[in-house]
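Student: Provided herewith is a single structure, encoded as structure tokens, for subsequent inquiry.
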Amino acid sequence: MRHHTKNLRRRAIFLRTTPRGNMDSSSSVATSTSSSSNHRLVRSSEGSPSAGGDDIEEVIMTPGIATGRVQPAVSVAIPDLFTQLPPVKDDLATSTSKTQDETVAICLPYLAGSDANADVEHNAHGVPHIDRKKHVRFLRNMLRQLPAPFIAADASRPWFLYWSLNAMAILGENVKEDYAESLADTARSMQNESGGFSGGHGQTSHLATTYAVVLALAVVGDEEGLSLIDRRALWKWLCDLKEADGGFRMSLGGEEDVRGAYCAAVIISLLNLPLDLCKDSEAYIRDPTANLFTGLGDYVRKCQTFEGGISGQPDAEAHGAYAFCALGCLSLLGTPSETIPKYLNIERLISWLSSRQYAPEGGFSGRTNKLVDGCYSHWVGGCWPLIEACLNGPVKVSSLDVEPQPLFSREGLMRYILCCCQEQGKRGGLRDKPGKPSDAYHSCYVLSGLSSAQNRWQLVVGDDDMPAWMVSPFPNEEEIFDEKDRVGTVHPVYVIPEDKVAKVQTFFASRDGF
């Protein structure tokens, strides 16, 4: 019964209205409240690396939380679903349920437009505008010299390049003009003669950092930067990472997981690398008939758990980021409508993904019984276009105007992103949730999730009968965001601006050999 009621709570996100009845005033969500004053929670981000700006965030708890409802600060059209507690709640109190209640209490004022920052302008739907200028300034700072605590993230430097550049590109910045030369110099220092890119000069090549460098170079789109990639050495290195069970190790002698499957598939397809195995690789010696994609779908299949989600490795816990990696990988192995149901139980996966969206927050969690987090706007939110392509199959151009049947609450996700994930102080950037500091990682994936929620992706069959991804606004649907708050379109598999994917693939397809 306990699990049953929890699932009801999570699925409440799909309801458009909920009862207005008074909730128990002793609810653990409530802090000390009175009818005459607001109450302030001060949360410190001490201990988290900061690139400057506000490290203390004030969250105003408005009267009404004790009754399960927060009154909007202005008269706007905000559905009850996002301003009050869910109608179904498990009576059993645990440490997990308490932190969930605390998270709801922090998010509700932002969702209701009654948060502390009176300078934040809301539109007619009670949603703040995207503060592009402030977010871009924050992201540019993330590409400058960082404070001393960031030394702990030295091996992740390629990720800071990708996260920051991609987020700026999504916001409409021309990153090529300002960063092409410096990015090429930095990437060159990270490349090893044995193939692949490391976290920095003299470090070991890793599939995750290689993925990040390749995507950063793709986002900037400078041909000189793309040309510095040693594709032959990279191909041979990938052959050495190929395992007998079909998967890829993240580094030589390192771990094997579904991240490797996705990262390898992205790199191979984006850079037009041969699928043939290098003849002196162990993978070729084991099976001369195999190639880099042989058995990859079967490896992904083994990572689906009893819940329906995808784990990093077989027999581990399902996680939202691994679900995206699995779906992205399978979408590169063939048409999603063929490859995804071939290797995954799609009904169970949809059930698990649906359970990740919470009410009243509207955002996604990454695991069962975990909190919402802005980064899962992409890791889970980005799964839905791939799921829809799996269910609908490639469509004819004449079918593009068919009214889509949503599999998740787009409105809920966009409200969480715009209301709760924007750092509303002078710091800028995007974040996990109110009370957490903004960072490059969350800025990238929150904006990617926003792009996915704002646009409809479909696989379309053209005259050549070859399916291609096509993006368009959702038809016949009033949006809760103003048009000036629309961000750039992000490719549903490669997670970089869609136009960059075509340019990079065309560039490498035009090159003979390596």
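Glycine residues also receive a Cβ, built from the backbone N, Cα and C atoms like all the rest.
These numbers come from a predicted model, not from an experiment.
Swiss-Prot lists these features:
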- Asp373, Cys375, His442: Zn(2+) binding site (BINDING)
- 1-13: compositional bias 'Basic residues' (COMPBIAS)
- 25-39: compositional bias 'Low complexity' (COMPBIAS)
- 231-272: repeat 'PFTB 2' (REPEAT)
- 293-334: repeat 'PFTB 3' (REPEAT)
- 346-388: repeat 'PFTB 4' (REPEAT)
- 410-454: repeat 'PFTB 5' (REPEAT)
- Trp159: site 'Important for selectivity against geranylgeranyl diphosphate' (SITE)
Student: Please indicate, using numbers and ranges, the residues of the same chain that are 6 or more beyond the repeat 'PFTB 3' (293-334) and have a C-beta under 8 Å from a C-beta there.
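Tutor: Counting only partners 6 or more residues beyond its ends, the repeat 'PFTB 3' (293-334) has Cβ contacts under 8 Å with 243-248, 255-259, 261-266, 268-269, 275, 287, 340, 342-345, 347-353, 356, 364-368, 376, 378-380, 382-383, 386-387, 389-390, 492-493.
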Student: Taking the Cα atoms as reference points, how far is Trp159 (site 'Important for selectivity against geranylgeranyl diphosphate') from Asp373 (Zn(2+) binding site) in Å?
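Tutor: Distance (Cα to Cα, whole Å): 19 Å.
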Student: Do any residues of this chain, six or more beyond the ends of the repeat 'PFTB 2' (231-272), have a C-beta under 8 angstroms from a C-beta of it, and if so which?
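Tutor: Same-chain residues near the repeat 'PFTB 2' (231-272) but 6 or more away: 192-196, 204-208, 210-211, 214-215, 218, 278, 281-284, 286, 292-300, 302-303, 310-313, 322, 324-326, 328-329, 332-333, 493-494, 501, 504-505, 508-509, 511, 514.
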Student: Return the average pLDDT for the repeat 'PFTB 5' (410-454) as a whole number.
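Tutor: When the pLDDT values over the repeat 'PFTB 5' (410-454) are averaged, the result is 97.
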Student: Which residues of the same chain, at least 6 positions away in sequence, have a Cβ lying under 8 Å from the Cβ of His442 (Zn(2+) binding site)?
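Tutor: Within the chain, His442 (Zn(2+) binding site) has Cβ neighbours under 8 Å at Gly374, Cys375, Cys421, Gly429, Leu430, Arg431, Asp432.
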Student: Long-range neighbours only, meaning 6 or more apart in sequence with Cβ under 8 Å: which ones does Asp373 (Zn(2+) binding site) have?
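Tutor: Asp373 (Zn(2+) binding site) has long-range Cβ partners Gly363, Phe364, Ser365, Gly366, Asp432, Lys433.
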Student: DSSP says what for the repeat 'PFTB 3' (293-334): how many helix, strand, coil residues?
Tutor: 21 helix, 4 strand, 17 coil
Student: Quick check: which same-chain residues outside Asp373, Cys375, His442 lie with their CB within 8 A of the centre of the Zn(2+) site CB atoms?
Tutor: Gly374, Tyr376, Ser377, Cys421, Arg431, Asp432, Tyr441, Tyr445, Val446
Student: Could you break down the residues of the repeat 'PFTB 4' (346-388) into DSSP helix, strand and coil, giving a count for each?
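Tutor: Helix, strand, coil within the repeat 'PFTB 4' (346-388): 19 helix, 4 strand, 20 coil.
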